[in-house]
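Take a look at the structure below.
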Amino acid sequence: MQDPRLFGIIGHPLGHSLSPVLHNWALEAQGIPGSYLRWDIPPARLADFVTAARLLPIHGASVTIPHKVEVIDYLDRITDRARQAGAVNTLYWEQDRLCGTNTDSEGFLAPLLASSRFPRSALILGNGGAARACLAALLEHGTEVWICGRRREQSEVLAAAFGGHVLDWESRSTASAELLVNSTPLGMAGQRESLSPMPQNGSLQNFATVYELIYNPMDTVLIRQAREEGLQTITGLAMFVHQAAAQFRLWTGREMDIPAAWERCTSALGA
């Protein structure tokens, strides 16, 4: 009989994460003995966690805010994908080496590649770790990208590192692109749920598709506004499920059932 495998997610805080629900369901569905746990690790304890991970039978781990960049310093190797994105969201082993990769880009691209036409232009709202993965993925496919965040200097750092243009935050309502991506936390469940990264008294008609990276709630203020205006929408659950499926494949060599995974997540969200 196969020994149980231990997986988990590290971040701080972890209250909203669906990862344990999805990965534990996938392990059970595939008949793989094991469990996927929450490890709430404050930044000051990140180094201690990585040290412990080298000693404990941890088969793999997801990495989320605020550790996606900082964890790189503690790993033996990172993949080209992680280097390109400038962030790690997945830990795995290559023999005795603890490695990091990034499946956010793959998860982000999946619904776009499934559409009839890949966007030729995009505006990304936000300039944090999630924006890095989206920017790298879009540029790799030849999309012209504008980066727009409250801190212009951070957008300029991303543009210098990856490419793309910088747009002032105050100009976002008059910008025009085929794709609008929200990588900010504005709209996330909790204190920011009633907020939108775009002015709510304005229009989204300068965009054809709105891609919301937030998955809880599934119908954010931004998504509701886009639907009311007749635009195509992609919810954050699409990216979440596909990036998790890529992690599951890396750790187990098995394919996650995407439609069933989607159903499990929507059920957990009460959607």
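Each residue, glycine too, has its Cβ placed from N, Cα and C.
Annotations in TrEMBL come from automatic prediction, not curation.
The model shown is predicted, which means the values in this text are computed figures rather than measured ones.
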Matching residue for the shikimate site, where TrEMBL names Ser17, Leu18, Ser19, Asn89, Asp104, Tyr215, Gln243 - out of Thr64, Thr233, Thr266:
Thr64
Identity of the NADP(+)-site residue among Leu56, Leu98, Leu109, Leu213 (reference: Asp80, Gly126, Asn127, Gly128, Gly129, Ala130, Gly236, source: TrEMBL):
Leu213
Quick one: pull the CA-CA distance for Leu18 (shikimate binding site) versus Lys68 (active site, proton acceptor), whole Å only.
17
Any same-chain residues 6+ apart from Gly129 (NADP(+) binding site) with CB under 8 Å of its CB? Would you list them in sequence order, or say none?
Ile65, Lys68, Val69, Gly86, Ala87
Whole-number Å only: compute the distance from the Cα of Ser19 (shikimate binding site) to the Cα of Ala130 (NADP(+) binding site).
16
Looking at Cβ-Cβ distances, which residues of the chain lie under 8 angstroms from Gln243 (shikimate binding site) while being 6 or more apart from it?
Asn89, Thr103, Asp104, Glu106, Gly107, Phe108
Just checking the binding-site residues Gly126, Gly128, Ala130, Gly236: which sit within 10 A of Tyr215 (shikimate binding site), CA to CA?
Gly236
